[in-house]
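Before any comments, here is the structure.
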Amino acid sequence: MLVLASASPRRREILGRFIKDFKVVPSNVSEECSLTEPRTYALELARRKAREVYNRVGGTVIGADTAVSIDGHILGKPGSEEEAYRMLKLLSGRVHRVTTGYCIIHEGEEVSGAVVTEVKFRELSDELIWAYIRTGEPMDKAGAYGIQGKGGLFVEWINGDYYNVVGFPLEIVWKLRELGFGVM
């Protein structure tokens, strides 16, 4: 049994494009983490999520966590509209990194990794930022935007895996294929 340890509808949708038979069991892990380097931060949270769900239900478990970072700071999910505004203003006109750490526990062994994608935002006016915030879209997303939704308008270019920016890099699908899971 393949288990996705995530409540994210975006991760569920991407995995479902390539693998049909899996179960969703969200983890009960807090997303609080004292680590400050994006790769180690995302990997640690992915491992915690995968281990917690594996200990509850067994099977092959996928845990993932995505971190948006700029200037050495990790931007989590905004806690308020004002925080979303500050994040989007910080990203405006600049390049940032999106790092997704993943952990797959298969037959008791862990396979983990991290994927990094660079994203360049266009210059954003305050009017556009507030219009986007009023849609509600940024409030449950790291870095306060969703590239797959209205937030995609802000992106000038990306360097790397688009699906990583959404939160589920295709490297995970390839790892599952290597572990014997049927893809497509």
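One is the number of the first residue shown, and numbering goes on along the chain from there.
Every residue gets a Cβ built from N, Cα and C, even glycine.
What Swiss-Prot records for this protein:
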ACT_SITE  ASP65  active site, proton acceptor
SITE      ARG10  site 'Important for substrate specificity'
SITE      THR66  site 'Important for substrate specificity'
SITE      GLN148  site 'Important for substrate specificity'
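On the structure: features taken from Swiss-Prot.
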{"residue": "ARG10", "record": "site 'Important for substrate specificity'", "DSSP class": "helix"}
{"residue": "ASP65", "record": "active site, proton acceptor", "DSSP class": "strand"}
{"residue": "GLN148", "record": "site 'Important for substrate specificity'", "DSSP class": "coil"}
| request: Using C-alpha positions only, work out which of the recorded positions ARG10, ASP65, THR66 is nearest to GLN148 (site 'Important for substrate specificity'). | output: ARG10
| remark: Quick note, ASP65 (active site, proton acceptor): same-chain residues at least 6 apart with CB under 8 Å of its CB -> GLU31, TYR41, ALA42, LEU43, LEU45, ALA46, LYS49, THR100, GLY101
| note | Excluding its own, the Cβ atoms lying within 10 Å of the Cβ of ARG10 (site 'Important for substrate specificity') add up to 19
| note | When the recorded sites THR66, GLN148 are compared by other Cβ atoms within 10 Å, fewest goes to GLN148
| Cα-to-Cα gap, ARG10 (site 'Important for substrate specificity') vs THR66 (site 'Important for substrate specificity'), nearest whole Å | 12
